[in-house]
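Student: What TrEMBL shows for this protein is this:
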DOMAIN    28-191  domain 'CP-type G'
BINDING   N72, K73, F74, D75, N135, V136, G137, K138, S139, S140, G187  GTP binding site
REGION    314-345  region 'Disordered'
COMPBIAS  322-345  compositional bias 'Basic and acidic residues'
Amino acid sequence: MASRFIPRTTFPYDRVINWFPGHMARGLRLISERLNSVDLVVEVRDARIPLSSVNPNFEKVVGRRPRLIVYNKFDLADQSSKAPITAAFAKHAPMTPVVFTSCQTDNNIKEILNHAAKLADPIPQVTLMVVGMPNVGKSSLINSLRRVGVGKGKAAATGAQPGITRTVIGTVKVLEDPTVYLVDTPGVMVPHIADPVRSLKVALTGGIRDHLSDEQTMADYLLFRLNEFGAYDYAKWFKLPDDQPTNNVDDLLNGVAKRIGAVVKGGEYDMTMAAKFFLKHYRTGKLGQFTLDDVSPEALETFFEHQKMYATTNANPSTLSRRQEKKVAKLEQRKNSRRAAKEEE
Ligand SMILES: Nc1nc2c(ncn2[C@@H]2O[C@H](COP(=O)(O)OP(=O)(O)OP(=O)(O)O)[C@@H](O)[C@H]2O)c(=O)[nH]1
């Protein structure tokens, strides 16, 4: 019985999956070049990995520009994650609006348009720039904004695999009155994700091309997390013996392969095809809604502290307020006196 099942408590994994093709470096450059003609940066993150889908490179490029954070694909995430994230933003970044959206249902899309329209008070025309890691749903968001704002169809190509948008497309009108334009940009990955498990989470949610991260390892990690959440429905879905959950990915994939008839020559089960099917099931929400990052108040506190440090040491001083400039100068001064003291030793 499932109640007697003891899930694994660790997932040893030390491989780092890196994926930073040329169009991403170019994309980052283009974002930085277009920034001066943009009134608001809309940074899209994946609500299933609210911390792991943050690219510190955006902090460097976007600096202290007015920004709105969108946690997209919220239909696939644990709905209880919204409250702690909202509270952490209210405490650490009260001037940054946060919106939780679903482009599948256009949920909360209007809220983004409302924020943009508010900016149109002193300026006649507002331009937004959408940035984010690959596959977080930037193009889908543009299409949703256009659908909700001006009732028009698809303007940007979307796809289940990352890396569909490869260059900055022209501006797209998403609201008539006031006029709001939007610029799509290519998804930009972190050039080097130091934490192996973080790279696995990004891959599992579709941010890295599947073949680069190995489907069976991703399936194993997904099984580990489902068991950790006590989400054992997969056992019934894939008709595992006695509907029992398992810690063994081969047992699971055998069940999946049998269920979908994934057999190769000689009658063996096709484990890669089974793993792909299992991943697709998860990615389309059929196994439930999960948030893979720790969003406890303590974890969010650490995250924001880290972000603050990063932003303070990397932000472009020309975009800082005088108070922030003073803080950066103070930090620099402290750093210099520490260096001088060391040299004297
Ligand atoms: N369930 C769900 N799926 C979504 C949502 N938004 C986008 N998707 C799906 O996620 C996949 C990626 O969406 P895109 O809009 O192409 O993502 P992107 O960020 O533009 O991708 P890149 O081209 O890699 O930069 C597609 O299969 C979309 O249908 C959402 O809110 N909910």
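Glycine is no exception: its Cβ is also placed from the backbone N, Cα and C atoms.
Any idea what these are sitting next to in the structure?
Tutor: Around S139 (GTP binding site), taking its Cβ as the centre, 25 other Cβ atoms fall within 10 Å, counting all chains.
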Student: Quick one: average pLDDT across the domain 'CP-type G' (28-191), no decimals.
Tutor: 89
Student: List those of the binding-site residues F74, N135, S139 whose Cβ lies under 6 Å from any atom of ligand 1, in sequence order, or write none if there are none.
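Tutor: Near ligand 1, sequence order: N135, S139.
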Student: Around N72 (GTP binding site), how many other CB atoms lie within 10 A of its CB?
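Tutor: Around N72 (GTP binding site), other Cβ atoms within 10 Å: 29.
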Student: If you measure every Cα to Cα pair among N72, K73, F74, D75, N135, V136, G137, K138, S139, S140, G187, the residues listed for GTP, what is the largest value in Å?
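Tutor: It comes out at 21 Å between the most distant Cα atoms.
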